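First the structure, in the form of structure tokens, and then the observations on it.
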Amino acid sequence: MRILSGMRPTGKLHIGHLVGALENWVKLQEEGNECFYFVADWHALTTHYDDVSKLKEYTRDLVRGFLACGIDPEKSVIFVQSGVKEHAELALLFSMIVSVSRLERVPTYKEIKSELNYKDLSTAGFLIYPVLQAADILIYKAEGVPVGEDQVYHIELTREIARRFNYLYDEVFPEPEAILSRVPKLPGTDGRKMSKSYGNIINLEISEKELEQTILRMMTDPARVRRSDPGNPENCPVWKYHQAFDISEEESKWVWEGCTTASIGCVDCKKLLLKNMKRKLAPIWENFRKIDEDPHYVDDVIMEGTKKAREVAAKTMEEVRRAMNLMF
């Protein structure tokens, strides 16, 4: 199966990216799928058009993170969106067959405008970003797209665009399927939505000492005011982190019973979480160190991967132009 997914370079990778996306990407890669993973730098401009000072830095950091987490350039194509100009051409052509009213009905359009109400998002680029997203997927004829639940609607719109193009012109595009992550979104360390603006994220490159300090300060079930007060793990962000960091069945039972009967304290629970987090993050930290030993490695990966992606995209665009009688 051909797989495609991407991330916007709007900051450092954090553990939400790891458990919500990157682990699934690696799994799909190791299952032998043909995987295309990219940095969506054009998509970053839809909400960060007014500050591009760190765009290049964040793009390279994202690729470093992909590599450190296990994306293998020998098995997957790793590329940068803006390096494949065919994405923009296909998005332009798709924009001819999608109505403005259809784009205004995309749920995330209003949600993001409301969430970022301090920014002027009344731009054409922000309105049509789902069209560019459809072009990102369809230009590689992807059959599967790993996404979170909040992106399923975008995959359905992509399927609609593929159907409409195939009906109007020629059978060029498959209809991709959403591949949902098994892990729900992690909350921030304070229990709220994980967000840089809240200061409640844990960066992947956090030091071991900082990780310990952060986890030990994490918010827990408000009902556990005293050590002797029983709690409910379902109301505790630490419990949600346990589920994401490979807690064993025996450990899970120990945490659940210990919390609900107050036979263990929150610090005991957090120490177990720390042990499991360090076990998962230690190889990633080591990979970052090895990657940084060669200052040219990341750029070489980007260059080679973008070249491979461009070759595939160019073939698709030949079919598209032929179907639309644009062969001049």
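Note: Cβ is positioned from N, Cα and C throughout, glycine not excepted.
Note that the structure is predicted; figures quoted are calculated from it, not measured.
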Recorded ATP site member, picked from LEU157, LEU186, that accompanies ARG8, PRO9, THR10, GLY16, HIS17, GLY148, GLU149, ASP150, LYS193, MET194, SER195, LYS196, SER197 in Swiss-Prot: LEU186
Chain residues in Cβ proximity to the motif ''HIGH' region' (9-17) (below 8 Å; excluding those fewer than six residues from its ends, i.e. six or more beyond): 39-41, 44, 47-48, 55, 58-59, 61-62, 65, 69, 185-186, 194, 196, 201-205, 244, 277, 281
Among LEU186, MET194, the one of these binding-site residues whose Cβ has the fewest neighbouring Cβ atoms within 10 Å: MET194
Alpha-carbon distance [ASP136 (L-tryptophan binding site); HIS17 (ATP binding site)] in Å: 20
LYS196 (ATP binding site) CB neighbourhood, other CB atoms within 10 A: 13
Within the motif ''KMSKS' region' (193-197), residues counted as helix, strand or coil by DSSP: 2 helix, 1 strand, 2 coil
Among ASP136, GLU149, the one of these binding-site residues whose Cβ has the fewest neighbouring Cβ atoms within 10 Å: GLU149
For ARG8 (ATP binding site), nearby residues of its own chain (Cβ under 8 Å, 6 or more apart in sequence): VAL39, ALA40, ASP41, HIS43, ALA44
